[in-house]
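Pulled from TrEMBL, these are the features on record:
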DOMAIN    74-516  domain 'Major facilitator superfamily (MFS) profile'
TRANSMEM  21-42  transmembrane segment
TRANSMEM  151-170  transmembrane segment
TRANSMEM  177-197  transmembrane segment
TRANSMEM  203-224  transmembrane segment
TRANSMEM  236-258  transmembrane segment
TRANSMEM  264-282  transmembrane segment
TRANSMEM  347-368  transmembrane segment
TRANSMEM  374-395  transmembrane segment
TRANSMEM  402-421  transmembrane segment
TRANSMEM  427-450  transmembrane segment
TRANSMEM  462-486  transmembrane segment
TRANSMEM  492-511  transmembrane segment
Amino acid sequence: MPSFDEVLKEAGEFGRFQKRVFFLLCQTGITFSSLFASVVFLGQAPDDYWCRIPGAAELSERCGWTLEEERNLTVLPLRLGNWSSSGECERLDISWDTPVTCTSPLTCYGNCSTGNLQLTTCHGNWVYKKPHSSIVSEYDLVCGDAWMLDFSQAILNLGFLVGAFTLGYAADRYGRILIYLLSCLGVGICGIIVAFAPNFTVFLIFRFLQGTFGKGTWMTGYVIVTEIVGSDQRTVGIVIQIFFTLGIMILPGIAYLIPTWQGIQLAISLPNFLFLLYYWVVPESPRWLLTRKKGEKALKIMHNIAKHNGKYLSPHYSQITISNKEVSNPSFLDLVRTPQMRRNTLILMYAWFASALIYQGLVMRLGIVGGNLYLDFFISGAVELPAALLILVTIDRIGRRLPFAISNMVAGIACLITAFLPEDIRWLKMTVATLGRLGITMAFEIVYLVNTELYPTTLRNFGVSLCSSLCDLGGIIAPFLLFRLAAVWLELPLIIFSILAVVCGLLVLLLPETKGISLPETVEDVEQLS
């Protein structure tokens, strides 16, 4: 009986059928990257807000003030009398529960100047010029509660982490396409609930669930594409990363055109319902069917692939070689039980962690530097396109391992140099920082491909999901590490990023080269990789 790779070669390793499935699943990269980075625009700091004095709303209504007049009469005196206070997180410790005039409300406090009036911390009584522009103004995530915005992103990454474990395991046990479709449905439903969440607690709960299902769509779609193409075409996984980058570049345009955070949230969530139509056009992975002793279904799909590719399977292809081993459900012990699997797993887990922490850290660092948010975010996405092109040019010529190591080294060295370049040579500082972003983007994209190629079919989805869960751990840590260390010294995070990247570059040299090698089907196949 022929092996699966022999049948795939006969049916076409990257024909019209695979190209169609590839293009359709690539759209998942756009929606996932929008979810991944959406907090930048959902959580924009409000341009103008202040703390309202108790009773000011009633007084404003009685006097017929506009918001601007109310501010000038109740907040401006605080700023004039207390130069250290902006009126955003503090207010005068008074209330308008006594009769006051509409022209000079503070005169009822006698000759006491506003500089001598007592101040108090503001608690939940803010007024925003644009009240529904972001989740910050929607849920009052300002002043003492500003950290909750970072917490919301950590919750999303925690959802990614849980999704990697649960849905990665489910995809290996119940099938790739089933979990993919259920995940798309979950992302869409949770996204709608997030947009209309009545309070911040509900927002966080369904933001977490959206992250869980979002990770299921991304990882499962990636594995399906990898498993239906031949060994010479597996670099199509890198092209999926280009669609992730396109999502990063499209997101600022969506945010620029849609003025409210609810609109942005719906715009990045609703397209997931369209992916449910894939039920009729994207088949189950035949590789996975073989591992579950479903050879007849796998062969039927292979005949369908051959038909769409204009090929014809020989009549003797009536069966495909199936492993005689009992079908077992994947577990973590399977990833560390044998020497080569253990080495691969530990190195890949560190590579995912370092890549994600450095990547997200460099992206969020743009917010500290300042500038035009929409333009800077678009440019930061455009920088990633050359990374994918460089990988496609090099990876089939010199292999996976060397570009993987060099990209990490370049990122580490660039971060170190950037940290010590003076601010007055801004063009050079930005150029070297961009080089670092390019390097870590390449490393981040290569780890997807290498991780997929280093695990057997029976453990592939679970292995990729488990290792990539360290990526989500890095995403949880990144905002807190960046902002806390930057408070000590603005460039200190770059030193940490540099160390992490260089260590990663050295470790990946210990991984086996997978260029031109068929995807391993069993753990024994992995152990034989040199």
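Placement of Cβ uses the backbone N, Cα and C atoms for every residue, glycine included.
The average per-residue pLDDT of the prediction over the domain 'Major facilitator superfamily (MFS) profile' (74-516) is 83, rounded to a whole number.
The transmembrane segment (177-197) and the transmembrane segment (236-258) are not in contact, since fewer than 3 Cβ pairs between them lie under 8 Å (pairs 6 or more apart in sequence). In terms of C-beta pairs under 8 Å, the stretch of 21-42, 151-170, 347-368, 492-511 lying closest in packing to the transmembrane segment (427-450) is 347-368. Sequence-distant residue pairs (6 or more apart) of the transmembrane segment (492-511) and the transmembrane segment (374-395) include fewer than 3 whose Cβ atoms are under 8 Å, leaving the two stretches without contact.
Simply put, out of 21-42, 236-258, 347-368, 402-421, 462-486, 21-42 has the most Cβ pairs sitting under 8 Å from the transmembrane segment (203-224). Only residues 6 or more beyond the boundaries of the transmembrane segment (462-486), in the same chain, are considered here, and those with a CB under 8 A from a CB of the stretch are 150, 153-154, 157-158, 160-161, 163-165, 167-169, 171-172, 215, 219, 222-223, 330, 332, 335, 345, 348-350, 352-357, 360-361, 364-365, 368, 448, 451-452, 454-455, 492-493, 496.
Here the transmembrane segment (264-282) lies next to the transmembrane segment (236-258) in space: the count of CB pairs under 8 Å, restricted to residues six or more apart, reaches at least 3. Residues of the same chain lying 6 or more positions beyond the ends of the transmembrane segment (347-368) and with a Cβ under 8 Å from any Cβ of it are 37, 40, 376-377, 380, 404, 408, 411, 415, 433, 436-437, 440-441, 443-444, 447, 450-451, 454, 466-475, 477-479, 481-483, 486, 490, 493, 497, 500-501, 503-504, 507-508, 510-511.
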